[in-house]
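Visitor: If you look up TrEMBL, you'll see 66-78 marked as compositional bias 'Basic and acidic residues'. As annotated by TrEMBL, domain 'ABC-2 type transporter transmembrane' applies to 108-313. The region 'Disordered' annotation in TrEMBL covers 66-89. Taken from TrEMBL, the feature transmembrane segment covers 118-144, 159-179, 200-229, 235-254, 261-284, 347-370.
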Amino acid sequence: MTEMDHGTPNGTRDQMEPFYAESGSLTPEIYNPADHYLAAVSNEYIMHEKNSYPDAGDFLKGKEAQGSKNLEDGKGEQDLTSQNSSHRDEFHTPDIVTSWGGGFFTFVELTRRYFKNLFFNPGILGVRVAMYSMLGLVIAAIFWDLSSLTTATSIQSRIALLFYCVAFFVFMSVAVLPFTVIERAIVEKEVRNGYYHPALYVASQAIASLPGTGLLAFVTTVIICYSTGLREPYWYFLNMFLALNCAEALAQLFSHMVPHFIIAMALIAAIYGLFMLLQGSMLVPSEFQNWPSWSHYVAFHTYSWRTFMYKEFSGQSYPDATSVGYGTGELILEQFEIEEVVPWKDMVILMIYAAVIHTLSFIIVHVKWLNSRDGRGM
């Protein structure tokens, strides 16, 4: 049965392909069935050359003629699914030859589309900038001119502030998940239709996220460093920028792994909670139990936090805190077992960390694409 207005089948999903096959519009291999069905019944969705009727009227006439012929031949109504092989011989639908777009130009176009999306939807990044700015201003109000103090309590305040900067600003990166999950559906459809390889999408997302994380790192650096007096603002910016890149990469990874952003946010929040415990600010590495001692180096928070600490306290003296063992910055670093930290090496580790996460994202997207070609969905 068909609707007279549009020439489309009334029935269940598994009846659609036999219906179009009998009408000479069999879905080509490796082609999205939904797109093919739209192209078969509407001139507004012509996407490829097809062997079907030029409009809905002719489409229906063809169906009626086929039904009359069946009655005259005494065939009656037969199960359409059982006739698929004969219809393949009787009706020929041209094979659709798909090929990947040029790698570089596709990469550029995907990156351009991402920035265009940011332009037309400023809330995607604007909300995060507002959140980081407001928290930065609250920190500025609470810890104003902290560097002018050399007391033991002021040192504890510095340590707490640096922990907060790593832990919470990274944690807030989960705000990007709703947007990455929404875009995923579009990308998966494009990849299934052979428009580009999934590696290009992962690479474009990795590059396109850099300006956003750079802006967020810049905002927090300007507000916090120049209000509290934290040392080495350039290192603070670089450190925060690389840590946020790791967080963005992790958000993109989980957006490919789970069906809904709420699940991804819960999982990432749990991981960040674990990383906060492992980074070495609450428990120094030597006091970890033997079996989980290696986990201290798994958290990217570890490398970010200890570099913040090293750049803040190395080479400094605190005469008002001598009585409690905080007379010099080196003594403070020794207490946390980070006196031998090499900042530039930690920054390289953060870059490699983000690259590894992006590689995992590519593997997941590529495997899902291979499964989709085998008919198991993406």
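Even glycines carry a Cβ here, placed using N, Cα and C.
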Visitor: Cβ pairs under 8 Å only, please: of the recorded stretches 159-179, 200-229, 261-284, 347-370, which one is richest in them relative to the transmembrane segment (118-144)?
Guide: 200-229
Visitor: For the transmembrane segment (200-229), find every same-chain residue at least 6 residues outside the stretch whose CB is under 8 Å from a CB in it, and list them.
Guide: 103, 106-107, 110-111, 114-115, 118, 125, 128-129, 132-133, 136-137, 139-140, 143-148, 161, 165, 169, 180, 187, 191, 236-237, 240-241, 244-245, 248-249, 252, 354, 358, 361-362, 365
